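Right, one structure below, let's go through it.
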Amino acid sequence: MKSALSLSRFEAPATRLAVNKSTLVVWTAIALLLVETFSGALRYYFDQAGISALLYLPKVLCVVLFALELTTLKTHRLFWILLLGLVVSAGLGMLHGAALVNPLFALFGYIPLLFGLVCGEHLEQRRKLLGWAIGLCLLSTIVGVYADSLFSVPWKGYSYNLGDQELTGNMTWAADGIDRPAGFARMSTTAATLTAVFTLYLCAFTRSKVLLLALLGVAFVTILVTTNKSTAVALIAVLLVMPFYNQRLLCRVAFVVLIGMGAVLPLVGLWTPLDPSLAASGAEGSLVSLYDRMINTWPRLADEVARRDWSWTGGGLGMVGSAVNMFPVDNVKYPAVADSLFMYLWASFGVMGPVLYALLLPLLMTLRSKNSWMARALLSISLCVVVVGWTTDVLEVPVCGIFLGMAIAHALRRKAMPVQWLITERRRSNRDDYPDGLQLT
């Protein structure tokens, strides 16, 4: 009895420490989600108050927690190999002419993914709180999109300066003469992606079919209001595959097709002569933006990679995307965006880019094999990110990054989980803590 009491005295501080760390991690993640949800509006009001730099505080906290978690992290050796690869790629980028700020800025952009990867277990432990926060963010995103489409909001088209850099607080643009409302976010693409990701997360924990249909219906209409076609296609693709999650062969075929399309579309643009008028200014049609990528964006990026003779090695970390757009490198004419996850990885990491892209298949298949609600939620979100990645640099979208990191962590960690942990997890999943058809345990 005495020894048991002594043991409990030593275990209590460790338990409290674990709880505090998980709480800090989940509130950091919530802060990041809130900043992304209200990014456009917050940039406007924070700039008016002269505190616009505070918007980066959640990412800074992610950096701190990532560094702290690394000291005790026990994970698959593949993680350490990939982390070493990022360091090597950063050095390669600097050899190619990038300043130190380029890879540092790129790593700062990737920090939501790395944060989700090393802190994913803590986020799962607080998934009830995380679920309510996601519900709030989804509701705010939907309200913001409709408010932006019906009324004039003060942050529409707002730009501001942070140091010597001019930043876009909210982008205003139109498609086929129709305004693309972004709501409280910075861009309509971001608003649509947030809507899809948050909806798919909540759908995995929704038991009521009526509530599920209502949630999906409102989300899909909201995405249509943003006029973002890639996210609408992604949501439809996930919903078509979702009923077959228990069919291993059908899922494998579907995953191969959806992942393969992300590589096929840029290759078609590179190898197939297309009429430039399809992407000309003033051209009409639902595929104009896709034609613009196939005729202009992807060939320009490929030509620059070939001109610099970087086809095998890639430009290196910090030489593609927002990093090189924010901090240009002399004599390097990479487009500001790659508009494709496949092209982004290839231009950054050379032949290793397609290898990393191909790893999406085992990731999806591993998540499919896990019989838990969290695995289903992360599978649906990852599949959505894959399809959105056909025409978007999803690695630079913080919300996509954090959930993709959680998915990778979930897939790597569960293989080594003890049986007793799995039994406890199943018992937790059977508890009914949520009203109105939701069960986010």
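The backbone N, Cα and C atoms fix where each Cβ goes, and this holds for glycine too.
Note: TrEMBL annotation is automatic and uncurated.
The transmembrane segment annotation in TrEMBL covers 24-45, 51-71, 78-98, 104-123, 130-147, 183-203, 210-225, 231-246, 253-272, 341-361, 373-390.
Counting Cβ pairs under 8 Å to the transmembrane segment (130-147), the stretch among 24-45, 51-71, 341-361 with the most such contacts is 24-45. Ranked by number of Cβ pairs under 8 Å to the transmembrane segment (183-203), the listed stretches 24-45, 51-71, 253-272, 373-390 are led by 24-45.
Counting only same-chain residues 6+ beyond the ends of the transmembrane segment (51-71), those with a CB under 8 A from a CB of the stretch are 24-25, 28, 31-32, 35, 39, 42-43, 108, 111-112, 114-115, 118-119, 160, 162, 398. Among 24-45, 78-98, 210-225, 341-361, 373-390, 373-390 has the largest number of CB pairs under 8 A with the transmembrane segment (231-246).
When Cβ-Cβ distances below 8 Å are used as the criterion, the transmembrane segment (210-225) is approached by residues 138, 141-142, 145-146, 149, 181, 192, 195-196, 199, 202-203, 231-232, 235, 239, 436-438 of the same chain, each at least six residues removed from its ends.
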